[in-house]
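Quick look at what TrEMBL annotates:
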| type | residues | note |
| --- | --- | --- |
| DOMAIN | 15-262 | domain 'Nodulin-like' |
| DOMAIN | 359-521 | domain 'NFD4 C-terminal' |
| TRANSMEM | 16-36 | transmembrane segment |
| TRANSMEM | 149-168 | transmembrane segment |
| TRANSMEM | 174-194 | transmembrane segment |
| TRANSMEM | 214-232 | transmembrane segment |
| TRANSMEM | 244-267 | transmembrane segment |
| TRANSMEM | 359-380 | transmembrane segment |
| TRANSMEM | 400-420 | transmembrane segment |
| TRANSMEM | 432-451 | transmembrane segment |
| TRANSMEM | 457-479 | transmembrane segment |
| TRANSMEM | 491-515 | transmembrane segment |
| TRANSMEM | 558-581 | transmembrane segment |
Amino acid sequence: MVEIGSRVRGFLRNRWLVFVAAMWMQSCAGVGYLFGSLSPVIKASLGYNQRQVAGLGVAKDLGDSVGFLAGTLCSVLPLWAALLVGAAQNLVGYGWVWLAVTRRVPVPPLWAMCILIFIGNNGETYFNTAALVSCVQNFPKSRGSIVGILKGFAGLSGAILTQIYAIVHSPDDAALIFMVAVGPTMIVIALMFIVRPVGGHRQVRPSDNTSFTFVYSVCLLLAAYLMGVMLLEDLVDLSQSVTVLLTIVLIIFLLVPIVIPVLLSFFSDDDETLHALLLPSPRKEEPSASTSSEEQQEVILSEVEDEKPKDVDLLPASERQKRIAELQTRLFQAAADGAVRVKRRKGPRRGEDFTLMQALIKADFWLLFFSLLLGSGSGLTVIDNLGQMCQSLGYEETHIFVSMISIWNFLGRIGGGYFSEIIVKDYAYPRAIALAIAQILMAIGHFNFAMAWPGTMYVGTLLVGVGYGAHWAIVPAAASELFGVKNFGALYNFLTVANPAGSLVFSGVIASGIYDAEAAKQAQQRHSTSKLLATSGRVVSVVSEAAPALKCEGAICFFLSSLIMAGFCVVAFGLSLILVYRTKVVYAGLYGKPRT
């Protein structure tokens, strides 16, 4: 009985339980991806025009990306309290929108609706931050895999929630808004005491590889299953019972990962929480001696960075570590003999814990920020304009490509985390090299869109979707490695501002401006042709057909903007390579394995 009790306590402290709970929370955290389904309901019920709906979309994007408050609260409050704040925002924001749409309360003015959408969507920044902060701290040696999987589930949440809503089969379209307000709130409240950093053994365990392989397999099967369900529902009119069955299978896929902490806690002798109990507790006596020793070592390490020759960084990893170790030994001896005075370093070094203000004065942080802005901003431009891109090239079923790029986005996040983890663990090479590869793939995808070759929509959505998704697995993991995990919430939420900033400029100014200009040219040509025909007396009715809103047709609509996006990705590639060069030593120290 005592053993069972200890196993249960170990299960509740198991970091894999935290990870699985974070996956479930992320599965409902991306409510912003459902805005395309919510906006027609709001538009029809409140009588908005497209420009007003676009204003709500801007408020949604801002709420999704402005997470400074979430990052701050996650660092000063217990994570359960921050999650409770996010759940309250989600419930109040979208709940009030539902009340307005169903006319249960007076309809607020447009500016108030924008604030409500912002508040509701901003709740997911708390979910994202809490999930990433807790799991990155619990798995410090597997950050790429952790971030990729969690961000992947956030990207799939729209498809997951849509499929769950399908079983409701409510004639009231506003029921989807109610589900968005209540569903994620209930799930987050149920999990808020589980998703947290846990004490104990956080290093790589023998069972970790098998566990991650299992989770990756579930992710790939889930992506394939959702793709198949989307195509099936699009091609065949399914009965309600079949829809319910498909949704039950989806829920089973989501629940399957719980077997990992169950097996580790109840059926394995390799339970990491039992190992944690055997670890010696740090002695609280004599803090001054240990503190001064650590400070001296940190100062010596800082001095090594200043004293080492420039050509040391160009040596092979084994030789470089040997030379640095020799220099460090000489400095220790010289400092002990009083032959050299070691200067105190100012602020943390890369790889240690930075505050946001300390990171903002570092070139590496801005290289990462602008690389993300150019790369993810260009990808989000394609996602936002995918419907018009398909229509301009003559594709009628645009929602198929929207579903496809969602799946590619998910696989990009999973793959970006997986392959970047191989790069840093097996080769001790900077994670940003994986970011550079993703940006080259995106540049090729944008070039395909510009050329408008046969099948270009399939190739372009694949390359841009995978590359865009990879950004959100690689960048957060790289930020935690270079600037620490203590203030990771604030750092991560500052970096996410790059997404709407890039989209605002690239989509709101460049792509839309070029599209409207080309559409105006085509409208002018049609108008001139219709006037000529009307003058000749052959066709008069064509004049009335030239009146509808501007619409561009042909490859010219996105030719120039796609080339510009490809150029931005090439610039981002260059910034990533600079970051790789500057951080080689950091990654050699974090992941390098000295040879004996």
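Backbone N, Cα and C define each Cβ position, glycine as well.
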Checklist entry - Same chain, outside the transmembrane segment (457-479) by at least 6, Cβ under 8 Å from its Cβ: which residues? => result 132, 136, 143-144, 146-148, 151-152, 155, 365, 368, 371-372, 375-376, 379-380, 382-383, 386, 389-390, 393, 395, 401, 404-417, 420, 430-432, 434-435, 438-439, 441-442, 444-446, 448-449, 488, 491-492, 495, 569
Item to check | Rounded mean pLDDT for the residues that make up the domain 'NFD4 C-terminal' (359-521) | outcome: 89
Next on the checklist: Pairs of Cβ atoms less than 8 Å apart decide it: which stretch in 149-168, 359-380, 400-420, 432-451 has the most with the transmembrane segment (214-232)?
Outcome noted: 400-420
Next on the checklist: I'd like to know if the transmembrane segment (491-515) touches the transmembrane segment (359-380) in this structure, counting it as a touch only when three or more C-beta pairs sit under 8 Å and are separated by 6 or more positions.
Outcome noted: yes
Checklist entry - Residues of the same chain, at least six outside the transmembrane segment (491-515), with any C-beta under 8 angstroms of its C-beta? => result 61-62, 64-68, 70-71, 125, 128-129, 132-133, 354, 356, 359-360, 365, 368-370, 372-374, 376-378, 380-381, 384-385, 388, 475-476, 479-480, 483, 552, 557-558, 560-561, 564-565, 568
Checklist entry - Is it the case that the transmembrane segment (174-194) and the transmembrane segment (558-581) have 3 or more CB pairs under 8 Å, with pairs at least 6 apart in sequence? => result no
Item to check | Remote residues contacting the transmembrane segment (244-267) - C-beta distance under 8 A, at least 6 residues beyond either end | outcome: 7-8, 10-11, 14, 16-17, 20, 23-24, 27, 160, 163-164, 166-167, 207, 211, 214-215, 218, 221-222, 225-226, 229, 232, 238, 273
Checklist outcome for this item: Per the Cβ filter (under 8 Å) with a sequence gap of at least 6 from its ends, the transmembrane segment (149-168) is approached by 22-23, 26-34, 37, 124, 128, 131-132, 135, 175-176, 179-180, 183, 215-216, 219, 222-223, 226, 229-230, 233, 240, 243-244, 246-247, 250-251, 254, 403, 406, 409-411, 413-414, 417, 469, 472-473, 476
